[in-house]
Structure formats: C-alpha cells, structure tokens
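Q: I have a structure I would like to understand better, so I am pasting it below and will then ask my questions one at a time.
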Amino acid sequence: MIRSVRHLSTLRSTPRVAVVGAGPAGFYTAHRLLKLQPDTKIDLFESLPVPYGLARHGVAPDHPEVKNCQDTFDEVGNDPRVQFFGNVTVGDTLPVSKLRDNYNAVVLSYGTHTDRKLGIPGEDLPGVISARTFVNWYNGHPEHESLNPPLHKAETVTIVGNGNVALDIARILLSPLDHLKSTDITQQAYETLKTSKVKRVRIMARRGLLESAFTIKEIRELFKLPDTGFVAFPHTKWDDVLAAHKSYKRPLSRIVKLIEEYNLKAKQRDPAHASTLKQWSLDYLLSPKEVIANPDDPELVKTLIATENKLVSADGSGRIGVEPTGVTESFDTDLIFTSIGYASTPLEGIPFDDRKSVIPSSRGRVTDNGVYAAGWVKNGPTGVIATTMADSFDTAQAISDDITAGKLDGAKSGSDNLTQYLEDAISWDQWKKLEAHEHSQGDAAGKPREKVNNVAKMLEIARQ
Amino acid sequence: MLRTFSRQVLQVSRAVPRTFRPVAPATRLFQTSAPVFHGHVHKPKPGEEIKVTFITKDGEQIEVDTCEGDNLLDIAQANNLDMEGACGGSCACSTCHVIVDPEYYDKLEEPDDDENDMLDLAFGLTETSRLGCQVCMSKDLDGIRIALPAMTRNLQASDFN
C-alpha cells in the first residue's frame with residue numbers, strides 16, 4: 001500500500017512555489033515547506049538586491065545574536081531546490097499575475113513598506129522622523145541612505161510609541177559609542193551618532209504602563225545602559241500601577257517588578273549625580289495632538305502638544321482603550337520619532353484589508369487556488385522573530401496540506417518561463433559575492449560587516 | 001565577585017555570532033571562553049551515557065544517550081527532533097522552549113534573567129519551562145524527561161474565519 005502511494009507521488013509534477021519577499025517570513029516558510037514537501041522547488045523574489053529583510057534592516061546592530069537566524073536563511077538560499085532573484089519587484093517589474101500563472105503556489109511575505117500616521121498637524125515637518133526610516137538608515141537600507149538626522153543639534157528627543165522599535169531607537173541614541181563601534185551599524189550612522197547632542201529621551205505612549213508594548217529584554221537593556229538615568233515616575237501614577245499588578249501573568253509582573261526596582265533606584269539617586277547622566281523616561285497616557293515648528297531651525301521642531309488620556313474598557317472585549325481627558329500638556333522637544341507601527345501596501349489583484357492593512361487569510365490561505373500569505377503582511381507588524389517563525393510554519397503547513405490533497409496540481413514551469421522579467425535579477429551567488437565584500441570591508445573596520453547602502457553600488461559589486 | 005565575572009564571560013560568549021570572526025582585541029580575549037558548537041554533540045564514553053527521553057508534541061517518546069556538557073538544543077537537533085534554534089543557541093529567542101519533567105526541574109541550575117526574559121515570550125509557558133540551549137547535561141540528570149511543546153502558537157478563533 002505504502003509502495004503504491006509513493007509510486008503515485010512520483011508521477012506528480014514538481015510543485016513550483018514563488019515566495020515574494022526574502023525576509024524572515026519568506027525564508028521560514030520556505031525552510032518548513034522544504035522539510036514537509038521535499039520535492040518542491042522554490043523561487044524567492046526580493047525587491048532589494050540583498051536578502052534577509054528586517055533581520056538585516058530592522059534588528060538593532062547591537063543585537064547580533066538575533067541575526068543568527070540568517071544561518072537558517074543561508075541554508076535555504078544554498079539549497080539546490082531554491083533560487084534567489086534579488087532586485088526584482090513583484091507588482092512592478094514582475095506582475096503578480098505572471099507568478100499566479102507560472103507557479104502552483106504563491107506566498108506573499110513582503111512585509112511592511114510604509115508607516116502608520118498620527119494624523120495630527122505638524123506631523124510632516126522635517127523634524128518628525130518615522131521610526132522605520134531612522135532604523136532603516138542606521139541599518140543601511142538603501143532607501144534611506146540620505147536621511148542624515150540632525151542629531152548634532154538635538155538635545156531632547158521624543159519617541160511616540162513604546163514597542164521594541166521605540167526602545168531600540170532610545171538605546172541607539174543613548175548608548176555609549178563603544179557599544180556600537182564593533183557592530184554592523186553603518187559607518188555613516190556611527191559618524192552621525194558621534195556628533196549627537198541627545199541628552200534626554202522621552203518615550204511616550206497613549207495607554208498605561210500595563211499596556212506597554214515593549215518586551216522585558218529591551219526595557220532591561222535601557223535600564224542597564226551606563227551613564228544614563230531613568231527618570232522616576234511621579235508618585236501618583238506609580239501607586240496606581242502597583243495597586244493592580246500582583247494579579248497579572250508572569251511576563252507582565254516581571255516587567256512591573258523590574259520597573260519598580262529601577263524606579264526606586266532613580267528616586268534614591270543623588271541629584272548632583274543625576275544631573276551628569278543622560279536621561280530617559282516612560283511617559284504614559286498621552287496622545288500627541290500637534291507638533292509646533294521651530295521658527296529658528298526648520299530641521300528641528302519646538303514643541304509637542306499632547307492630550308492626557310484616561311484608560312477605558314468600554315467595548316466589552318477586555319481590551320483597554322483610552323479616552324481624552326481634555327487636559328493638554330506641552331513638551332519641549334527638538335526631534336520627534338514616530339514609532340506607532342508599520343503598515344503594508346496592497347498588491348494588484350490580491351485581496352487587502354485597508355483598515356488593518358494586511359492581506360486577509362485563513363491560516364495563511366488568501367485564496368483557495370494557491371495564494372498564501374506569511375509574516376507581517378498577514379498578521380500586522382507585531383511579534384519577535386520566533387513569532388514570525390511559528391506563523392510562517394503555519395502557512396507552510398497549509399501549503400503542504402493543499403499539495404498533499406491535490407489542490408495545487410498541474411505542471412508549472414516557474415521562473416523558467418519568466419526569463420524576460422528576470423534579466424536584471426541578482427542571484428544567490430552574486431549576493432554572496434556582495435556579502436564577501438561587506439565582510440572584508442568590516443574586517444578592516446573591526447566589525448562583522450560594513451553594509452553597502454546604495455542599490456547601484458550593490459549591483460556593481462554583485463556583478464563584478 | 002566570581003559569579004558576576006562568570007556571568008559576564010557567559011554573556012560575551014553568547015553574543016559572539018556562530019560564524020565567529022575575530023574583531024577587536026577585547027573580543028578576542030573572550031574567544032577562549034566556551035564557543036558555541038551549534039548542532040555538534042559529543043559521543044559519550046561507554047558507561048558514561050546520560051539518558052534523556054524526549055516526548056514529542058505527538059506523544060512519541062524518544063530515548064537518547066547524551067554526553068556530559070552537551071545542551072538540549074544541540075542534542076535535539078543532532079537527533080533530528082523538531083526543535084529550532086533561531087538565534088543559534090545564544091539565549092536571544094524562545095524557539096528552543098522545552099518543558100522539563102517536574103521531578104528533575106529543581107536539579108537544574110536556576111535560569112538567569114536573560115533566560116527568563118526569553119521564556120516570557122515562549123508559547124505555552126509552564127512552571128517548568130526552560131530554553132533547551134541553556135540546559136546542559138550532567139550526571140544527576142540521568143533519566144530526565146523533556147517535552148517538546150508545539151512550536152506554533154495556539155490556534156485562535158480568528159484562524160477559522
């Protein structure tokens with residue numbers, strides 16, 4: 001019986017799968033699918049000439065251990081069943097309809113490409129910088145090569161939002177330079193940080209401490225930064241938190257305990273010593289209302305006006321929301337970083353939920369004829385690498401189940417039929433050549449790699 | 001003092017990427033501290049095997065002979081068990097989350113803050129959860145049973161919409 005099933009499966013044509021976006025979601029979906037369906041051939045399409053997505057352009061340079069996931073991605077890239085096509089933008093140079101015609105399954109894992117907006121007056125001033133732009137800049141994303149944030153004249157900075165991206169930005173701004181020197185932060189960003197005058201970072205959130213979006217590792221790192229002091233909470237707010245915290249689950253109660261410990265230390269700190277430190281604070285229950293321009297310097301802003309909020313849980317879902325109190329506060333600030341979430345953009349002919357800005361799916365199935373989604377474009381921009389991995393495995397399982405059930409049958413020729421669209425593509429070997437260049441440039445500077453942050457240069461080196 | 005120092009060494013050795021590329025002299029100093037030989041386990045000498053039983057998410061029990069000092073992530077991967085180590089065993093993710101037999105849990109050294117911080121992000125955290133990469137075999141763990149939780153998050157109602 002088993003023998004006859006095997007025999008049948010060899011009669012089937014090889015499933016051809018296209019993966020759109022070579023970030024963690026794309027690689028982990030491919031990784032799992034190759035395990036579940038070893039006969040599959042996978043083509044990975046990436047709009048940049050370089051792979052790894054947010055593992056390269058999102059993960060903070062001082063978190064090298066998190067980037068070890070790239071070892072698994074390299075196993076996928078080196079696999080003879082996988083082809084990489086960098087520098088190919090699906091939906092632009094390569095229409096998505098061509099993928100649907102030439103593959104048994106198309107996985108959309110292209111992530112997020114824009115920012116959620118605050119929707120307030122002054123948001124478009126040059127002194128208001130999106131977190132995504134800033135993070136991409138210090139991580140060498142070619143789209144933001146020329147950001148050049150005016151840190152040399154900014155003393156006070158406000159970060160709106162308190163997820164891990166917000167905390168990464170705070171840490172990069174407050175870290176001693178020797179923490180960053182031997183990381184893969186771009187030389188350009190390092191030189192700019194050298195001139196930074198930032199002395200105070202305010203991390204502002206709409207909701208309360210118990211609704212904080214950061215995870216404990218990132219807040220602990222901020223507390224532990226040398227020559228940096230957390231600014232203690234005013235008494236009243238902290239008492240409110242303590243009144244409730246003991247009944248919360250372990251992750252939250254550990255966070256509260258940690259903050260309690262450092263809040264006490266901050267209160268006991270000698271004021272003379274405190275004045276020598278760079279400062280940072282967690283400011284809760286505030287919604288930005290308006291940004292006031294700096295009349296003396298168009299690169300900076302002057303003031304952030306925010307409305308005080310109170311917590312409400314009115315809709316019965318258990319989710320805590322906020323209501324404005326009508327009281328406003330003004331905060332002097334030189335720059336503002338908005339870190340309130342990334343957003344995905346739609347692809348022509350593919351369903352898209354404009355409100356959530358995701359591709360709607362059921363366990364990764366977007367349509368019943370071979371279109372799947374994985375990662376942030378499927379779930380929204382949340383979670384750590386492990387979350388994306390687990391989610392991508394779910395999508396891979398759905399594809400595998402559909403292959404086994406015969407839902408995706410039919411002989412397809414994949415990229416063999418798309419050569420006219422792939423003339424400018426960068427292969428995996430060419431990427432590895434570019435990477436070798438980055439490693440050798442890094443060696444000279446005493447860092448793991450010096451990223452090339454310009455597409456023309458990437459192409460030139462990869463094609464040498 | 002000694003404890004603080006060893007903790008520091010441990011952290012530095014963790015931060016070294018798997019494909020180690022020596023850089024500044026300060027980093028090189030720590031190269032001598034246990035490097036991560038990911039996926040490589042040692043063969044126990046006859047008579048010195050430490051037995052571990054893995055219980056897969058399907059309930060299958062798999063007994064493995066292990067060598068003192070090897071960690072559970074490397075052991076699981078060397079035996080083709082379904083365990084991922086996204087950060088390469090450097091205690092920077094929660095993908096190698098395991099559940100330890102309560103009878104043996106107290107024989108393990110307590111998890112440090114870094115490990116607890118990652119466990120807080122694990123799916124289905126239990127009282128005896130640990131990260132596989134941080135549990136090293138020792139003689140008094142002979143016979144330990146380790147459950148591998150389902151790697152994916154729990155299904156949610158919205159998944160069936």
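Even glycines carry a Cβ here, placed using N, Cα and C.
The following feature annotations were taken from TrEMBL:
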BINDING   A:Ala25, A:Glu46, A:Leu54, A:Val90, A:Trp376, A:Gly383, A:Val384, A:Ile385  FAD binding site
BINDING   A:Asn162, A:Gly163, A:Asn164, A:Val165, A:Arg206, A:Arg207, A:Glu218, A:Gly383  NADP(+) binding site
DOMAIN    A:16-173  domain 'FAD/NAD(P)-binding'
Q: Looking only at A:Asn162, A:Gly163, A:Asn164, A:Val165, A:Arg206, A:Arg207, A:Glu218, A:Gly383, which the record lists for NADP(+), tell me the maximum pairwise CA distance in angstrom.
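A: The NADP(+)-binding residues span at most 19 Å between Cα atoms.
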Q: The record names A:Ala25, A:Glu46, A:Leu54, A:Val90, A:Trp376, A:Gly383, A:Val384, A:Ile385 as the residues that bind FAD; what is their largest Cα to Cα distance in Å?
A: 26
Q: C-alpha of A:Arg206 (NADP(+) binding site) to C-alpha of A:Gly383 (FAD binding site): distance in Å?
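A: Cα to Cα, A:Arg206 (NADP(+) binding site) and A:Gly383 (FAD binding site) are separated by 19 Å.
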Q: Quick test of understanding: given the binding-site residues A:Gly163, A:Val165, A:Trp376, A:Val384, A:Ile385, name the ones whose C-beta is under 8 angstroms from chain B.
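A: Contact set vs B: A:Val384, A:Ile385.
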Q: For A:Trp376 (FAD binding site) and A:Val165 (NADP(+) binding site), determine the Cα separation and express it in whole Å.
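A: If we compare the Cα positions of A:Trp376 (FAD binding site) and A:Val165 (NADP(+) binding site), the gap is 15 Å.
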Q: For the domain 'FAD/NAD(P)-binding' (A:16-173), provide the mean pLDDT of the predicted model.
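A: Taking every residue of the domain 'FAD/NAD(P)-binding' (A:16-173) together, the mean pLDDT is 97.
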Q: May I ask you to report the DSSP-based helix, strand or coil state of A:Arg206 (NADP(+) binding site)?
A: coil
Q: Quick check on the binding-site residues: of A:Asn162, A:Asn164, whose CB has the lowest count of neighbouring CB atoms inside 10 Å?
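A: Least crowded of the binding-site residues A:Asn162, A:Asn164, by Cβ count within 10 Å, is A:Asn164.
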Q: May I ask you to report the DSSP-based helix, strand or coil state of A:Val90 (FAD binding site)?
A: strand
Q: If you count other C-beta atoms within 10 angstroms, which of the binding-site residues A:Glu46, A:Glu218 is the most crowded?
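A: Answer returned by the neighbour count: A:Glu46.
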